[in-house]
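> Sequence annotations record features per position, and here Swiss-Prot assigns active site, cysteine persulfide intermediate to 121 based on sequence analysis. The annotation Mo-bis(molybdopterin guanine dinucleotide) binding site is assigned in Swiss-Prot to 258, 259, 260, 261, 262, 263 on the grounds of sequence analysis.
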């Protein structure tokens, strides 16, 4: 399997997922200048030779994305269910070829859907309403987080957004320990993809105690993906939706929105929060 490592800040010359284009600024319309833009390409996840989903994504940390998506969608239950991940760049996008165990591939074929996604859209292509909600085993109550450490984590979030710092165009997802230290994270133009990348990285790291921190709002699917991978606490910089709160309540996930310096709104299961 491709090696998966936590993202860290790099110099602009080393950054993948962004490139420079000529642009015109309002105050200098006659003088083209170069500016950084985030890359967005179609990424096809292909399981044992069968294309399962196409998502628009930033072309970095794609092995982590493949693993995290497979876990958060319930296609696999552990990284050991994937034997190999290989990237195949093409003219129109990137194929991520994933070799599944025969048992997991048989299960996937039963529920396979063809889904062409817009940026981070996780519902596109689902054929029936009942397919939106996946059964999630209620989470245990083994985690705790002191909000005094939240500001520390927020101050570090841009460390995993080198493309975002250049372009202002990416979402971030990070794993923070109970002391507020950012252990690693990912970025992407799509918030769901950024989260899947993080969940893929976490699956290969000894990160148990802590929480997920995302730079976006908390939709139902962000909650569902987090819970599917066993994380008990989700901090979102923006608000949560009503459906996200309902799903979090049902699966015992602690959901916190408006996670900003000096501020936090706890929606569900506050017993984990100090």
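Cβ from N, Cα, C; glycine included.
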> Taking the centroid of the Cβ atoms of 258, 259, 260, 261, 262, 263 (Mo-bis(molybdopterin guanine dinucleotide) site), which other same-chain residues have Cβ within 8 Å of it?
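Here the nearby residues are 150, 151, 154, 237, 264.
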> Once the chains shown are all counted, how many other Cβ atoms turn up within 10 Å of the Cβ of residue 260 (Mo-bis(molybdopterin guanine dinucleotide) binding site)?
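Counting Cβ neighbours of residue 260 (Mo-bis(molybdopterin guanine dinucleotide) binding site) within 10 Å gives 13.
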> Might you list, by sequence position, any residue in that chain lying six or more from residue 262 (Mo-bis(molybdopterin guanine dinucleotide) binding site) with a Cβ less than 8 Å away from its Cβ?
151
